[in-house]
Amino acid sequence: MQHFSLEKDVDIPSSSASSVWHGMHSMEGSDHDRIPRRDTEIDIEAGLDEKPEDDDQERNARGGVLGGLVARTISRSSMKEPGPPPDGGLVAWIQVVMAFLVLVNTWGIINSFGVFQTYYTTTLQRPPSDISWIGSIQVFLLFFMGTFTGRIADAGYFKQIFFFGTILSAIGIFMTSLSKTYLQLFLAQGVCLGLGNGCLFCPSLSLISTYFTTKKSMAIAIATTGSGIGGVVYPAMVQQLLPRIGYGWTIRALGFIQFGSLLICNFGSKPRIKPRTSGPIVEWASFKELPYLFYAIGMFFSFWGLYFGFYYIGSFARDLIGVTYSQSINLLILMNGTGLIGRTIPGFLADRYFGPLNTILFGTLCTTVTIFGWIGVHDRAGTYAWAIMYGITSAIVQALFPGTLSSLTTDLSKAGVRMGQVFTIVSFACLTGPSIAGQLIQVKDGGYLYAQLYAGMCLLVSLFFLSAAKLAKSRDVLTKM
C-alpha cells in the first residue's frame, strides 16, 4: 500500500530544545533504575573526565542534535487542534463564496458544453459522438483527479494544488482559443482544462465540509449554484460574442473571467483542519461501509445518464424540433438558470427537515421520471417545458451529491480522500455516458429514443442503489439522514 509521508516540521531554537531535553531527562531519573530500557540509550553524560570547556562544547553539540529531534516531536504532538467546525461565521461563509467561484468557472463551463457541442459538430463536420468526447474527457478528469487532489489537500498542500490547478486551467482555455483541429480541441479543452479543473473542484468542496455541521448541505448547495450561474453566463457570452468578435476572442474572454476569479479564490481559501501527513492514497476501509459503497455505485449510474440532457438538448431542438442555433442556446441557458431552484431550496430542506440522503433520493426519482418524459416531447413548447423541469430536477442531484457524501464521513481529516474516491468512480460514468448516448442516436439514424431510454434506465438503477444505501444506514425509512 502506498502511503504519504508529508510532514511539515517547525524548528525551535536548539538551546530551548536542549533545555526541554535535560528537563525531561532529570524528571525520568527516579524511574531510570527501576524500568529496564529496551531501546538503545544515548548517554549525554559522557566525557565527564574531560576539560570543563570541552565538556560544555560536547554537551552543546549533542544537545543541539538531540534537541532538534525532540523539538520536532514536541511541535508535532502539541499542534493546536482546530476544534469542531464553527458551522458559520465570516471565515466559513467566505469559503462558500470561494467554492461558488470555483464552481462558476469549472462546472459552469462544463454545463455550457452544449453550446460547443452544436458549434463544433457544425464547423468541424464531425459526428456528435466524436464531439462529445471533448466534454466527456473534461468531466472525467475533473472527477478522476478527486482521489489524488483530495488526498494532497488533506496532507496540507491545499494552496499548492489549488494554484497549480489555476495555472493549468488558464493554459487549457487560452490554448482552446488557438485550436483549429479536433485533436487540438481535445487536448486543450478536454485534457488540459479537465486536469486543471480537477485540481480545483474536490479540494474546494471538501474544504467547506470542515467548516459546517448542521448547515453543511445548505452551504455546499449554495456553492454549487455557481455551476448554474456559470451555465447561464458563459453560454450567453458565447451567444453574444461569437458573431461579433469570432471564436478565438470569445474563448479568450471566457478565459480572462475564469483566471481572474480563480486568482481571488487562491487568496480567499483557508484550510482549517490539521494536515493528515500519513495514510493511504485510497481509503479502502471506507468501501466496507455499506452506505458509502452503495452510494458510490448509485452515483455512478446517476451520472452515467445525467449529462445526456445537458449535452444534447441543443442538437435535439435543432434536429427534431426545428429551432435555430441561437434558440438552442437559449434552451441551455434556461435549463441552467432554472437549476438554481433545484440547487438552493432542496439544500435548505435537507438540512432542516429530511437529511441529504433522503432529499437526493427524491431528486433522483424526479429526474428519472423527467428523462422518461422526454420521449413524449415533440414540439417547441414541450421542449421548453421539459428543459425547465430537467434543469430543476437534475440540479437537485448535482447539488446534493457532494453534500450527501460528506454526511457519510465522520472523520473530517479524511473528508478530501473519501469525497475524491467517489468522484473518481463517477468520472468513468461521465467519460462514457454522453458518448454511449451519441452512438445510440447514430444507431437510431438521428432519433433520440434509444438514448433517452438508456439515460432513464441509468437513473432508475441509481435510484435502486441509493435506496439500498439508505436502508443500510437505517431500517427506519422515516429517519432524517
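Keep in mind that glycine also has a Cβ here, set from the backbone N, Cα and C atoms.
Features of the protein shown, as given by TrEMBL:
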type     : residues : note
COMPBIAS : 1-11     : compositional bias 'Basic and acidic residues'
COMPBIAS : 28-41    : compositional bias 'Basic and acidic residues'
COMPBIAS : 42-57    : compositional bias 'Acidic residues'
REGION   : 1-62     : region 'Disordered'
TRANSMEM : 90-110   : transmembrane segment
TRANSMEM : 130-149  : transmembrane segment
TRANSMEM : 161-179  : transmembrane segment
TRANSMEM : 185-207  : transmembrane segment
TRANSMEM : 219-237  : transmembrane segment
TRANSMEM : 249-269  : transmembrane segment
TRANSMEM : 290-313  : transmembrane segment
TRANSMEM : 325-345  : transmembrane segment
TRANSMEM : 357-377  : transmembrane segment
TRANSMEM : 383-401  : transmembrane segment
TRANSMEM : 422-441  : transmembrane segment
TRANSMEM : 453-472  : transmembrane segment
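Residues of the same chain lying 6 or more positions beyond the ends of the transmembrane segment (90-110) and with a Cβ under 8 Å from any Cβ of it are 135, 138-139, 142, 169, 173, 193, 197, 200-201, 204-205, 207-208, 211-212, 219-220, 222-231, 233-234, 254, 257-258, 261-262, 264-265, 268-270, 398.
Where the transmembrane segment (422-441) meets the stretches 130-149, 219-237, 290-313, the count of C-beta pairs under 8 angstroms peaks at 130-149. Stretch with the largest number of CB pairs closer than 8 A to the transmembrane segment (130-149), among 290-313, 357-377, 453-472: 290-313.
Looking at which of 219-237, 290-313, 383-401 has the most CB pairs under 8 Å to the transmembrane segment (325-345), the answer is the stretch 383-401.
With respect to Cβ pairs under 8 Å, the transmembrane segment (290-313) is most closely packed against 453-472, considering the stretches 219-237, 357-377, 383-401, 453-472. The stretch in closest packing with the transmembrane segment (219-237), judged by the count of Cβ pairs under 8 Å and taken from 357-377, 383-401, 453-472, is 383-401.
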